[in-house]
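Here is what TrEMBL says about this protein:
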- Lys87: active site, charge relay system (ACT_SITE)
- Ser162: active site, charge relay system (ACT_SITE)
- Ser186: active site, acyl-ester intermediate (ACT_SITE)
- 28-476: domain 'Amidase' (DOMAIN)
Amino acid sequence: MPSIDLEELTVDGVHQSYMQGRYNAEALVAAYQQRIQRLEHRDDGPCLNSILSLNPEALADAKKLDDGFKTDGKFVGPLHGIPIMVKDDVLTKGLHTTFGSMVAKSFVAKEDATVIRRLRDAGAIILAKTSMPDFGSDYFSTSSMNGHVRNPYDLDRDTGGSSSGTGAAVAANLTVIGLGGDTGGSIRIPAALCNLVGVKPTVGLISAAGCLTLVAGQSTLGPICRSVKDAAIVMDALVGFDEADIRTGINQQAGAPVGGSYTAQLGVQDISTMRLGVVRSLFGDDRVKEQEAVNGVTNAALAELRAAGCKLVDVEIPSLENYLQSTSLFLSRAKADLNAFITPTLGTNLNEIVEKGNYPKGNVMMPHVAANGAASPYEWPSYAEQVDQRENFQLGVMSAMSTANVSALIFPTTKVPAPRYADIDMKMRANFPANTGFASSLRFPAITVPIGFTVTPTMPVGLEIVGVPLSDQLLLNISYAIENLVKGRRAPKL
């Protein structure tokens, strides 16, 4: 087999190579393993620290797929022979699943989560489990299992969290595609800070059975990829009803995507026919240097959209700041929802973990939730009001969108580029200036796409596109058009 150029591989590109006999899945996995060794482990390499454990069966899994393809010339599914890295809060049979915590360093899952089963059925090869902060409880990457993950675009900077390792690995071309999880931005923040596409689907489209959920009813899994099309292909493999997760009943309401798949409509909608709402109140403060830099990149991208004929309308969301504060369910739900998973899985609970000091020193969320979170959301005094306020928030946003006649809302995913490790203090950990909480509190789907880089420092900027529930296919179509116009993705130099 010839050497394989791993830079910016796509699902379609890999499949074309398989069909043309340029290389096979076993050779591709071996090539990635060599690159992982160079970029993750060698002293003379960048030591990205993105991976918690490699799948020892990856080569064997690839060979089985190759043997089948050699026999009948058919792919087993849309991800046939595609290596994927998975955030380490997804149960994966036979592999260590640590949730980023030393408490679970010896835990090996006995069964696959539903998404892992769907990935395998689609032909994907689980290449590795990726680093994450303990139980997904940080805006940044530091974990008691693995320390911090280095951003491939500047090794002194963070990737953001909590799908930290997946973001770094996909950005650094250590895999073709990745899987993350998102409660308040955990897919979209690392995707934006690592120049990637990150999809937070409508909650319930993808099963969460067998996965850690930080806030039930808000947490969701989703793809982290280098392109919108690859993300759409992953969606096609993962979306569907699962008896083990009642929330997936929403698929009955959603129905099949137009054309039968999320990829079917990509490229159909011309950007000149789009009318999008710009939420200026979610832009950064131009008096702050790094926020001004992100605003500059964002405004340049918006200028490109206008020049291409896209209609952009400023949209004001009534009482936005108040709703962002009053609809957060983190303290009312996170403790109970974490314990509902941790206790039967690991035989411990959040308070016990914190009391024993089994978490990184810089993590502020774990002790805060342990001390102040509700044992049950129904014991939280204002829980009913929070849920009621969330409905008012949803109605207010949909009303504003209808008044402006826009199909989606756009704004910077984060107000600043990836921060330097030396600059991450307690204040930043408690309140990182990301805009991802907007869609999370609404329980609306959202996608971040790369739109370019700041100049000093030269770091990625993402644009977030938010739509109403079950508008996932529309958001993918819009994101695809923006991606192809702006062309904001470029590989890091490693």
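Heads up, the Cβ atoms here are built off N, Cα and C, so glycines get one too.
The shown structure was predicted, so the numbers you read here are calculated from the model rather than taken from an experiment.
In the three-state DSSP reading, Ser186 (active site, acyl-ester intermediate) counts as coil. Ser162 (active site, charge relay system) falls within neither a helix nor a strand when secondary structure is assigned with DSSP, and so counts as coil.
All chains included, 32 other C-beta atoms sit within 10 angstroms of the C-beta of Lys87 (active site, charge relay system). Around Ser162 (active site, charge relay system), taking its Cβ as the centre, 35 other Cβ atoms fall within 10 Å, counting all chains. Under a cutoff of 8 A between CB atoms, and with a sequence separation of 6+ in the same chain, the neighbours of Ser186 (active site, acyl-ester intermediate) are Gly136, Gly161, Ser162, Ser163, Gly180. Mean per-residue pLDDT, taken over the domain 'Amidase' (28-476), amounts to 97.
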